[in-house]
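What follows is a short report on a single structure.
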Amino acid sequence: MTNSTLPPAQLHHLPASSIKSGAVNGAAADPVGTNEKFLQILRAPIDYLLTIPGKDVRGKMMNAFNQWLQIPEEKLDIIKEVIKLLHTASLLIDDIQDNSRLRRGLPVAHSIFGVAQTINTANYAYFLAQQELNKLDCAAAYEVFTEELLRLHQGQGMDIYWRDSSLCPTEEEYFEMVGNKTGGLFRLAVRLMQLASNKDCDFVPFVNVLGILFQIRDDYLNLQSDLYTKNKGFGEDLTEGKFSFPIIHSIRADPASITLTSILKQRTEDEDVKRYAISYIESTGSFEHCRRKIDELVGEARMCVKDMSPEDAKVADGIMAMVGLGAGGLSI
């Protein structure tokens, strides 16, 4: 007797009652997403992270961009939900890949729910976000979504590769990585909004610069901000062994020195060693280089919107302030 002629219960090694319930043979016992008890368990890492207050920079930026794009509120809410799910999922995965201990001042999700459950929940959130796209009723949204998710993972992959291989990238390579990784969700949000808008305008170049600015500022604050220390831990990028923007500049400022690369390889949690590393980075002028690069990129961002009316230019200023880059430059 071949498998195709076996009774269903014998074929699947399950009692016939399981077959009758619809648990196999191509049908779930319940439609997707209706078992509230299971969903609560599955969503727990996401819901935990969402209870920790954040700045909601992306949501506020979308509100600001909508002063230009003027899409219906219900479509804006859908796009916000897509970005929120993707951002939360990426944080869950980032904290695992970076061996982080704190997120916004509280224990990371995987230290509470476990690594396996947290990874599964993050993957689930990616598909929840994709499912939300149905509500936009726009076929092009799926292409944009897939394109930006691929870029995001490409950027993350290079960041991890450099870290784990102890290979210091060039600044140009860093900008490409950040454009894919950090800029991805900013760009996805604006591209989806542009698809839903009747306005004929392209803010992607502006958003590309904002993504790089946001990451350089984050790299700077990781090693310079007391508030960042409270939320994420002291000099976390050094413990992670990450090639952040000031670290890349510092290493390349004196290629003959192995001091900083050696510290990165140690994945040290010793605060005295990290303080020494920060003083070394300061001695190579790398924090000053960060500030100069931020000023330069702020100028580039303003050039992207230079032809706007004074009223629209105020919106651009507000968006810059949201990423910590007001009229006076870098803010903490």
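A Cβ is built for glycine as well, from the same backbone N, Cα and C atoms used for every other residue.
Of the residues proposed, H87, H110, the one Swiss-Prot records at the same isopentenyl diphosphate site as K55, R58, R104 is H87. Matching K199, K232 to the dimethylallyl diphosphate binding residues that Swiss-Prot gives (R103, K181, T182, Q215, N222, K242) identifies K232.
Closest to N222 (dimethylallyl diphosphate binding site) in space, going by CA atoms and restricting to the recorded positions H87, D94, Y126, is D94. When the Cα atoms are compared, R104 (isopentenyl diphosphate binding site) and K181 (dimethylallyl diphosphate binding site) turn out to be 20 Å apart. Its Cβ placed at the centre, H87 (isopentenyl diphosphate binding site) has 20 other Cβ atoms within 10 Å.
Rounded to the nearest whole angstrom, the C-alpha distance between D94 (Mg(2+) 1 binding site) and D218 (Mg(2+) 3 binding site) is 15. A C-beta separation below 8 Å, combined with a sequence spacing of at least six in one chain, links K242 (dimethylallyl diphosphate binding site) to D98, D159, R163, L264.
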